[in-house]
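Below you'll find the structure, written out as structure tokens, and then a few comments.
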Amino acid sequence: MTKLLEMKDSLIRIYAKFDSYINMGLKFILALVMLLVIKNGVGYMDRIGSLPISLVLALICCLLPMSATLWVGALVVLLNLYALSIEVALVGAALFLAIYLIYFRFCPKDNVVALLTPILARFGIPYVLPAVGGLLRPVYSALSIACGTVVYYFLDGVRQNASTVLAPVSGATSSERLKVLVGLLADNKEMYAVLAALVLSTLVIFFVRRLKIDYAWTIALFAGLIIQIVVYVVVSLALSVAPDILMLIIGSVLGGAIGTVLQFFCMNLDYERVERVQYEDDEYYYHVTAIPKRTVAAKEKQIKQFGNTGRMPRVSQTPTGDTTVLDRKALAQELDIDEDLLK
């Protein structure tokens, strides 16, 4: 455990020193992955989906706030949908408008969760997100996850029906295309099962980890993951949808592992040394619970002298780490300079 705590402190110091560069790098990677996922799913406009364009857009995103990445992603999606058909682009624009009105009203700062949801859903593991949103984010992260899930299932439905109904060469009328587009969400029972599991799991993790109990984060994490599995299976069976148990288990296990790592870095408490204090003043009576964090003591620095140390003046180190010359006069004589130059 001591080695892990030392590694944690080292990583925190490195991040604190290079946080600007690390954040820019992470935003670049996230934006590039987003653009590649869009190209793989609904890449109907070859020019905007090319690798050089994706790299340039990702570079622009890393220099802008995180919310700009969402706008860039929405614009790229709409351009690809327009290349497929004007009806698909209009329905997609209406969906994005409704989601953005809800998103920016209730959770405008939850950009990372909203962006990760459709990306992880594309890889079949959206079940990782409740652990992240419930442990680290406010309660409205459940809404961000819901918005990202709806976007994913809409785009996935477009991808599955593009060659048969939605493309102009299919011969379908505009009304038939609109009917199919509405049905992508209204009749998608799998989306309802996933939405129920993700949202309820996120809410359970959020509210349980805020309880004043020992090991609240650990209990919240595993309670939420169990709720996620149960809700997904029950709702899927109730809606006559075959549940994807394998990806559910894989996603839940990954969520538990990621949640454990997040707990180690963000809320690593030593419940064996809990202190409960009671005191009062003229107006109130106080009950205070103090839970110490698991930390490792900093190593003391030692100064070793080599060679002929008898000729040099004695030095010491101040609490701030600055070296103070105790015998300025002796040092001035040794260096054959004016003592005032050492002040």
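From the backbone N, Cα and C atoms, a Cβ is placed for every residue, glycine too.
Please treat TrEMBL annotations as automatic predictions, because they have not gone through curation.
The annotation transmembrane segment is assigned in TrEMBL to 21-38, 53-81, 88-106, 112-132, 139-155, 191-208, 215-239, 245-266.
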Counting Cβ pairs closer than 8 Å to the transmembrane segment (112-132), the top stretch among 21-38, 88-106, 191-208, 245-266 is 245-266
Among 21-38, 53-81, 88-106, 191-208, the most Cβ pairs under 8 Å with the transmembrane segment (215-239) come from 191-208
